[in-house]
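Participant: A single structure is presented below for examination.
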Amino acid sequence: MMRILLFLATNLAVVLIASITLSLFGFNGFMAANGVDLNLNQLLVFCAVFGFAGSLFSLFISKWMAKMSTSTQVITQPRTRHEQWLLQTVEQLSREAGIKMPEVGIFPAYEANAFATGWNKNDALVAVSQGMLERFSYDEVKAVLAHEIGHVANGDMVTLALVQGVVNTFVMFFARIIGNFVDKVIFKNEGGRGIAYFVATIFAEVVLGFLASAITMWFSRKREFRADEAGARLAGTGAMIAALQHLRSEQGLPVHMPDSLTAFGINGGIKQGMARLFMSHPPLEERIDALRRRG
């Protein structure tokens, strides 16, 4: 809860600073001089409310959505030795990480992957793919589980949701400024908001949202290094490196993780060139090198 309060306070400060900065640079006067009557303070508050509402709502239903989108079966009563081992391992790792035991599940996928999600570190879900259980050693799976437990213990799901809330706020804010400017200045519409406003706003939201996702993905990549460190601490550096090397050997396999969960999986796929800016995970080679330097 303290993390949420501090982050919300920080984001409120960002909104206020943005409002003051725009006023100091005479942006209000510029818009008024061009016939655009827009209260930027009210617009910022409006965008912040809706920007954070969408992000936090997604966070609160993340466990339910993850189970539905991946067909994850939560283990309540273990039926096999794999399931028994999974429960015991997650319980041990959770205890060592200082969090409550999350729900544990298996999702039907040939690819080697795992994810963690949940709105609270003491009310989370950790799931692993059937393919990973079949092809990875117990030490490697334990390292992957430790990585996911690291995400939970670090509060990464909450942090990323709040970062997305900030991004949503400013995408909505600047898209509406652009929409008003196009409508009033370029199309000279003086009576209410015309079609140009709505078209320009939607177009700007799509473009700005795409560009701003690079910011969210940058935060996501930073989280992965921290989760790898947690995995190494809980399961051993050698096991964590071995798990990442095994993942690297299977990079040719398609990743079928839903887009909404890609940032929370251990395997984010491969991208080249400028597309690397929009990767949720650093390249596996970089993650392995970071662990080796850590020792």
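Backbone N, Cα and C define each Cβ position, glycine as well.
So Swiss-Prot says this about it:
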| type | residues | note |
| --- | --- | --- |
| TRANSMEM | 4-24 | transmembrane segment |
| TRANSMEM | 42-62 | transmembrane segment |
| BINDING | H147, H151, E224 | Zn(2+) binding site |
| ACT_SITE | E148 | active site |
| TRANSMEM | 158-178 | transmembrane segment |
| TRANSMEM | 195-215 | transmembrane segment |
Participant: Among all chains shown, work out which of the recorded positions E148, E224 has the most CB atoms within 10 A of its CB.
Facilitator: E148
Participant: Distance check, please: Cα of E148 (active site) against Cα of E224 (Zn(2+) binding site), rounded to an integer number of angstrom.
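Facilitator: With the alpha carbons as reference points, the distance is 10 Å.
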Participant: 10 Å Cβ neighbour count around H151 (Zn(2+) binding site)?
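Facilitator: I get 28 for this one.
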Participant: Neighbour count, 10 Å Cβ-Cβ cut-off, for H147 (Zn(2+) binding site): what number do you get?
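Facilitator: 28, counting other Cβ atoms within 10 Å of H147 (Zn(2+) binding site).
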